[in-house]
Amino acid sequence: MQTSLLKPKIIAVESLGESHAKVVMEPFERGYGHTLGNALRRVLLSSMVGYAPTEVTIAGVVHEYSTLDGVQEDVVNLLLNLKGVVFKLHNRDEVTVTLRKEGEGVVTAGDIELAHDCEVINPDHVIAHLSKGGKLDVQIKVEKGRGYVPGNVRRYGEESAKIIGRIVLDASFSPVRRVSYAVESARVEQRTDLDKLVMNIETNGVISPEEAIRQSARILVDQLSVFAALEGTEAAAEAPSRAPQIDPILLRPVDDLELTVRSANCLKAENIYYIGDLIQRTENELLKTPNLGRKSLNEIKEVLASRGLTLGMKLENWPPAGLDK
């Protein structure tokens, strides 16, 4: 009698738009479609890392219930429009950007003056409408975070940092806009009692739907690994000197990072075959690699950061015994 559980063998991704996709996984044992679908959905909505405006300072405005001469929108609507701007930061956790515009016309997210390591995903997003003689001068603080953080948590949690005219925003950091899932019937040979999991994911463009589901799965695996390593107190006391376990992600080849062909070839030319090899190198060491420039380095750092890793890390007992080169 078979006792092992089925694992999905078919994973199909159907693009429904630039940041919208349907992911189909099958087959699952009966009941596992809802078990995993609900868990992934909750993680996708609550635990993904993203970027959001958190503080705004507008010239001539003391509080959010003000109005500005020459600006059609009041400050409340202006703030709502600013919260709709989708930012993406590279290799930093926060940045302050400036929006200055004068004269009649439409103000869009593309008018924001950006630092070199910050980009706007939706530059056509409308922020305000200026009439003749109108002027807008705004400082926007953008931060990296997770989930949803109400503005009053920071407003009252930093008494010493109060600034007149600074408006603290509720921040929705999650790059995932909508997630839904459905469980359908699947069949393998004569078995017809299996599950097919269909997930519908839409993001704001900071990450792709495929990357969102990959990250959510890693979060679940990381949380559940604590239970997989569960030991009794007696067993733990008997083996206090056990060698530290190596994170399985470090044993994966650098090809799994899905770098550009140029970056991947440069790493292999330096005998960097595994993620564990890569994270032990410093930025200066990588920049000395032939044909690997600053753009490739930033790509590598960004991909590692999405997995909670950085360059220059120290590993004990590396490489592990039996690791093929």
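Note that Cβ sites are derived from N, Cα and C of the backbone, with glycine treated the same way.
Copied from Swiss-Prot, the annotated features are:
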REGION    1-231  region 'Alpha N-terminal domain (alpha-NTD)'
REGION    246-325  region 'Alpha C-terminal domain (alpha-CTD)'
The region 'Alpha C-terminal domain (alpha-CTD)' (246-325) - residue tally per DSSP class, helix then strand then coil: 39 helix, 2 strand, 39 coil
Integer average pLDDT (0 to 100) for the region 'Alpha N-terminal domain (alpha-NTD)' (1-231): 89
